[in-house]
Amino acid sequence: MGIGIHLWRLTVFGCCIISINDHVLQVAAITGDSMAPTLSPTYHETGEEDLVLITKFRKTPQRVDSSTTKAWNINHIKRGDVIFFWTPMNNTEKLSVKRVVGLPGDTVVPEKRVRYGAGYKGVDEADTALDVARDLVKNGGKIGGPDTVIIPYNHVWVEGDNSDKSMDSRDYGPISLALMTGKARYVMWPWHRAGPVVTELVKTKTKTKITPGVFRPPVPKEYME
Amino acid sequence: MATRSILGKIRSLNPLRNWIVPKIVLRLAGAGIVTHVILSHGFDVVSPYGISMLPTSAHDGDWILLDKTKRRGRNIKVGDVISFKHPIMPYYGLKRVIAMPGDFVLAGSPDAKGGELEGQMMQVPDGHCFVAGDNQKFSRDSRIFGPLPLALIQGKVTMFLWPLHSFGPPKGGLQDPES
């Protein structure tokens with residue numbers, strides 16, 4: 001029994017942990033108060049971070065045909081879910097956690113706000129979410145009128161529960177579900193708030209109006225073979 | 001002496017100590033998990049499919065080395081061929097980066113198949129890049145689905161491995177103007 005076999009076992013153990021973390025369950029600390037009071041309600045005063053259990057999704061691409069609604073994870077998302085996703089703006093190495101408030105096909109009238117957080121490289125700070133959505137027009141995404149965005153195929157509108165302190169879809173428009181890594185399911189710490197994460201829409205101070213769509217947009221025509 | 005007997009007792013509790021076959025299975029499973037982590041976080045060898053990157057990548061049968069340590073856009077620059085999670089469809093794409101955040105691009109070209117960005121200049125927003133296939137006429141890329149979030153980048157193509165006549169780094173990247 002040399003050092004080699006122990007190193008090997010340690011490597012296998014480490015890789016098991018990494019694989020479980022990537023594909024099954026992950027525990028994460030919520031920094032920031034964009035989801036207060038649901039998650040980390042006292043972060044602003046005490047810096048206390050909630051620990052949250054995240055369930056991961058199957059990311060294996062599936063065969064696509066013209067009737068598919070499979071996309072990345074779309075069948076597993078419902079309004080009100082709290083999801084983890086890679087931040088599309090400002091720091092792409094950071095995971096964000098926000099609540100899904102709009103599904104593909106919904107009509108959104110975003111709150112007009114000056115972009116939260118200053119210092120975006122090369123972008124005019126007076127841009128609103130609507131301007132961003134115009135810049136990020138994804139195929140099938142339409143501007144329904146001067147004030148509205150229709151959420152395109154495979155995208156969702158996310159907002160933090162703490163509307164004033166949250167950088168979310170009102171700043172960067174609808175996000176692709178390919179960015180999502182998992183759903184927040186349980187609060188594990190602190191004990192007195194441990195329990196399942198609330199997955200219904202909560203009342204927030206946001207001025208965004210969302211009208212649920214009657215049907216989900218189909219696969220964009222350029223991708224139907 | 002005492003240590004040896006304690007270790008002996010622990011070893012005797014191991015139910016697999018006399019079973020050769022499960023040990024082989026466990027070793028293989030361990031190797032499999034380590035390989036999986038290396039392929040998903042380190043380097044991977046894949047075979048792309050499609051005509052959007054001709055002549056750099058053939059329609060079928062090429063094998064490329066993907067550097068996955070460049071996930072999410074670390075150290076990616078204009079001219080790199082990258083693999084990314086498609087923002088619309090549930091598969092991966094292989095395209096070339098032609099603009100990084102802050103750059104100005106012609107967002108839709110007459111060759112782009114559909115898309116609403118026809119003929120417009122736009123500035124690539126923060127956190128996104130603009131990708132295009134080398135075979136512009138038959139490529140569905142950022143001219144169709146808009147800027148690609150850097151977080152969706154899975155890796156960078158460092159080498160073409162097969163066929164041998166295209167062995168080496170992908171052609172057509174940025175060139176030093178001095179040379």
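For all residues, glycine too, the Cβ spot is worked out from N, Cα and C.
Residues or ranges marked as active site by TrEMBL: B:SER52, B:LYS95. Under the heading domain 'Peptidase S26', TrEMBL lists B:33-105, B:122-162.
Per DSSP, the domain 'Peptidase S26' (B:122-162) is made up of 10 helix, 19 strand, 12 coil.
Counting only residues at least six positions away in the same chain, the Cβ atoms of B:LEU94, B:LYS95, B:GLY133, B:ASP134, B:ASN135, B:PHE138, B:SER139, B:ARG140, B:ASP141 sit under 8 Å from the Cβ of B:SER52 (active site). Outside the domain 'Peptidase S26' (B:122-162), and at least 6 residues removed from its termini, the chain residues within Cβ reach (under 8 Å) are 44-45, 51-57, 61-73, 75-76, 80-88, 92-105, 107-109, 111-115, 168-170, 172. Note on the domain 'Peptidase S26' (B:122-162): its mean pLDDT in the predicted model is 87. The 10 Å shell around the Cβ of B:LYS95 (active site) contains 24 further Cβ atoms across the protein chains shown.
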